[in-house]
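S.K.: There's a structure below that I have some questions on.
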Amino acid sequence: MPTSVLWAVDLFGRVYTLSTAGQYWELCKDVQLEFKRVSAATQCCWGIAGDNQVYLYVCSSDVPIRHREEAYENQRWNPMGGFCEKLLPSDRWPWSDVSGLQHRPLDGVALPSPHWEWESDWYVDENFGGEPTEKGGWTYAMDFPATYTRDKKWNSCVRRRKWIRYRRYKSRDSWAKIPSKDDPKELPDPFNDLSVGGWEITEEPVGRLSVWAVSLQGKVWYREDVSHPNPEGSSWSLVETPGEVVQISCGPHDLIWATLWEGQALVREGVCRNNPKGSYWSMVEPPGSENGIMHVSAGVSVVWAITKDRKVWFRRGVNSHNPCGTSWIEMVGEMTMVNVGLNDQVWGISCEDRAVYFRQGVTPSELSGKTWKAIVVGRESDRSHSGSSSSLLSAGCFFGDEVRGSGTESAPSDTDASLEVERQGPEQPLPKEALDNSTNLKGSLSKGHETSGNTDHSTENACLTEGKEKAPETSRSDECRGPASTPAELPWTNIDLKEPKKVSNQPAAGFPETAGLSSLGLFPMGMEEPYGADDHPLWAWVSGGACAVEAGSTLKWFTIQSGLSPSVQTLSLSITPAQTAAWRKQIFQQLTERTKRELESFRHYEQAVEQSVWVKTGALQWWCDWKPHKWVDVRVALEQFTGHDGARDSILFIYYVVHEEKKYLHVFLNEVTVLVPVLNEAKHSFALYTPERTRQRWPVRLAAATEQDMNDWLALLSLSCCESRKVHGRPSPQAIWSVTCKGDIFVSEPSPDLEARERLLPCDQMFWRQMGGHLRIIEANSRGVVWGIGYDHTAWVYTGGYGGGCFQGLASSTSNIYTQSDVKSVYIYENQRWNPVTGYTSRGLPTDRFMWSDVTGLQECTKAGTKPPSLQWTWVSDWYVDFSVPGGTDQEGWQYASDFPASYHGYKTMKDFVRRRCWARKCKLVTSGPWLEVAPITLSDVSIIPESAHADGRGHNVALWAVSDKGDVLCRLGVSELNPAGSSWLHVGTDQPFASVSIGACYQVWAVARDGSAFYRGSVSPSQPAGDCWYHIPSPPKQKLTQVSVGQTSVYALDENGNLWYRAGITPSYPQGSSWEHVSNNVRKVSVGPLDQVWVIANKVQGSHGLSRGTVCRRMGVQPREPKGQGWDYGIGGGWDHISVRANATRVPRNMSRDREARGPGPVCC
């Protein structure tokens, strides 16, 4: 589960965050303001301060928030002076926007608020449609509304060029005041409530937020244009309501609820992608007529409410199609407020003790949860409080009166906090609503069965009883000074919350050592907080919009024992997971050594049994080799035997019946090259390849009845294959990694003659073994650093283990295996044809494609009939329209064309007789493997420097470049063998979003933008990891590049049509090269290694028995004089999607090459 934070505000207006992986409340970095309430999203938090103004807190990130400003310079040609700024009266402005309708001079473009800053001055954009323009960046046309070209023609009467300038948001990790317009008529009233949500509205662009606010006069306001590149938004717009609103809540999706002064609830209807503000309000009556609704909180599919009598209610039947729900259900507990966060998890603040409670047991099937559980963690400042007094406090608690005098010397007391308060200024009374329920704090964490369990240790009970008996009933300052006060009494001291009393600056007469310790700095600066070290924080507001808690996950928020102060809690001894792992490893190592000692003395004895044989049998299904191909029931037997030399080998027998005749098929497992699960939504099947089966493109396919049976057979057969080839443990640093279209990860150990120039090993004989996990892209280098990217753009780093997934037990390492999840989308298309009577309908011609189909139209795919890719995936969303398809869409998601096989566009013309719309649905997979998440930036591409085997990389870090899912180019710092995840990202500025990046062995960095243009980064070195500037490289004629891969000296690129290109003319003095040369077509992915070896994934490869899509291929004949090679060697195939050979720097040893030459020359051709 990724780390996220819970936001909360205490009664003194201080904002805290609590991490899902932490155990302490951390005070917000910017503590200059006091807040009433906050509303959090993943990337930011909005809040209302004590001045009733709205503030925004944007969390820091390695990727800056940048916005590009554009202005166009327009000129017209005249016979006297050529092109000039003197235009016709009917022309556009000399300086305008892209449409020409808005006057936009360079000096008239200002920053929207003080929270922005300019990155640089204005400069000309010399990129036009992916191609570099001439010097000056001018583009030409016959007239301004016409189509522009890079080349000047005889009829080019006008020209224009684009000026760009970037501004950067600078107010991060601080509260920035949202600016308001100066016009009093447009200035909204002071706010008293706000809510942030809407980031998961169906079909909405990623990064857009809906910010709703309520003013003191009961008006509802909506903040326009709030998004990731514009976190502040642009302006406030008034939303009409049927009454005065007191509070509003916006869920992550399209649920928006508000409460009225009269106690009813308002529900916003018609919220969608094109209308995030909705259309109208619907009224929902409160649960009872006596007590109206005073607070409401909306989630994805739930709504929680609190009535005026503090009762908690759950709204049943709420969803996007019925946002009003059906009925109210009363829940247990009394709260002042509740908040629904991500995954419909719920938090609340209790009326009795002002503690934050978490609703446990909330799942998609039980949205109301089961019980409330108090979050009992302390604050960050409490660590030093408890640490400075834990030893003496333990002595005073467990050894009686003998050390209580000395224990008091270092124990923090309320006097110290009072002294700090007096030095700060006048006393600060608590809010009135906290006075009624907060006089006694000792029962707040131990009352009720829904809070954390009470302790029952005799020593703790004795200490608690003794502290109760000796606690004097005096004022707060008197307690701290009294000689009978002990550290054990601090948690149960009565605190007068109504009027905190001042105390003199003079230290207590009986405790001279306390003042001395305090002057030495043993007490932290957190002592000026309004709470004592062991006081229970009093909360006023909580927001879980940025807290992602998955159902069934384990949190550390409830591990502190209730009824004990943080100081006493430090006494409990616990064994951390790291200590447990070290302890287990030590015992395992000792047992292994003892076993070796016991066996060494008996190795000279003859074995009683010369060889052992064991057999495993079972029932499976086999995809038969003959026509008609179908699944047939078979019996399988795996026979494993141990030879005289101790080596193990195995044979797999498949027994089947043909025309009542029993036959069998056998496979030697030492000949098997790969065992791969097959993507099938109906069968638990896997394929078995041998070199002969690889050349035929016809593997042995077997299917099990259940997923567990398939995993058992797959793990057993894989283990047997590894034992036959003596392949065990983690892959070597030079291993070759690959990923299938299913997301399965495979690795192969390269032999020395794999990249030999003569008598090289055919790549169809390479052995591939599966690693646990699920990825879409993988990248490795020869120093053992391996990174991967999932389908949801999450970055993962290899931990050094092996196995995971279905390979548990003997086929998996005992450590470095972690849970991994991935999310991908399934797409189907809705097709319609136009007719003159009814317009576009789902009735097509008999020759048309299915009205609900896949992207090709050849396979019928309906919403009800479409299933996840395999049985391991589960749906996590409903069907929604995908607006991000190539070619663009209209507001409803439709694409138009003259006929179905033609090209589609996002607007309707007179010749468009068909249209289609893409629907998507997300599904999720949970597995395990040797991978750890690299948060928080999501990536679309990654590249690691391919180092040669003789390169010494001990003096510098591993160079790693990546492209985020938003198109930002990043450089990872601090990557090494010991720290493969690195430390931080360094942003590399670009003028447009990028799609692919690759770094070569000599630090040459090439990249491809989303418009298909190529770029080279200059001056990249270990001392200057980000380089200095980009050089625009012309793309191949009429082609748009999609991927680039750089080796030691070679640069290869791939275009959108599957053509592979080689960059010729690259020299050390001219690293940009001179031209592109075509190498091959039918290529899906390319990977160039440190030896300039070229490996690709081919789209289609025809075998003797079948056709495989997605095949691993190696370029033959690559050498310095022939860098493009001469042909292809076809390897494993049928479903492969990505490969990385950038770690394979293994060369043939020189003595081996000389031995081959000594054997004799090859065949001579006359």
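Note that Cβ sites are derived from N, Cα and C of the backbone, with glycine treated the same way.
Small disclaimer: the values here were computed from a predicted structure and weren't measured.
Not my notes, these are from Swiss-Prot:
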{"type": "DOMAIN", "residues": "616-722", "note": "domain 'PH'"}
{"type": "MOD_RES", "residues": "Ser386", "note": "phosphoserine"}
{"type": "MOD_RES", "residues": "Ser388", "note": "phosphoserine"}
{"type": "MOD_RES", "residues": "Ser391", "note": "phosphoserine"}
{"type": "MOD_RES", "residues": "Ser413", "note": "phosphoserine"}
{"type": "MOD_RES", "residues": "Ser418", "note": "phosphoserine"}
{"type": "MOD_RES", "residues": "Ser943", "note": "phosphoserine"}
{"type": "REPEAT", "residues": "209-240", "note": "repeat 'TECPR 1'"}
{"type": "REPEAT", "residues": "301-332", "note": "repeat 'TECPR 3'"}
{"type": "REPEAT", "residues": "958-989", "note": "repeat 'TECPR 6'"}
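What's the neighbourhood like for each of these?
M.R.: Sequence-distant contacts of Ser943 (phosphoserine), defined by Cβ-Cβ distance under 8 angstroms and a gap of at least six in the same chain, are Glu779, Leu960, Trp961, Ala962, Val997, Ser998, Ile999, Val1046. Under the three-state DSSP scheme, Ser943 (phosphoserine) falls in the strand class.
Sequence-distant neighbours of the repeat 'TECPR 1' (209-240) (same chain, 6+ residues past either end, Cβ-Cβ under 8 Å): 41, 43-44, 46, 52, 54, 56, 58, 65-67, 112-113, 115, 169, 176, 178-181, 186, 188-199, 201, 246-248, 250, 256, 258, 261, 276-277, 966.
The residues of the repeat 'TECPR 3' (301-332), classed with DSSP into helix (H, G, I), strand (E, B) and coil, number 0 helix, 17 strand, 15 coil.
With DSSP classes pooled into helix, strand and coil, the tally for the repeat 'TECPR 6' (958-989) is 0 helix, 15 strand, 17 coil.
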S.K.: For the repeat 'TECPR 1' (209-240), would you mind checking the mean pLDDT of the predicted model?
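M.R.: It averages 93.
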S.K.: For the domain 'PH' (616-722), DSSP counts of helix, strand and coil?
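M.R.: DSSP composition of the domain 'PH' (616-722): 25 helix, 54 strand, 28 coil.
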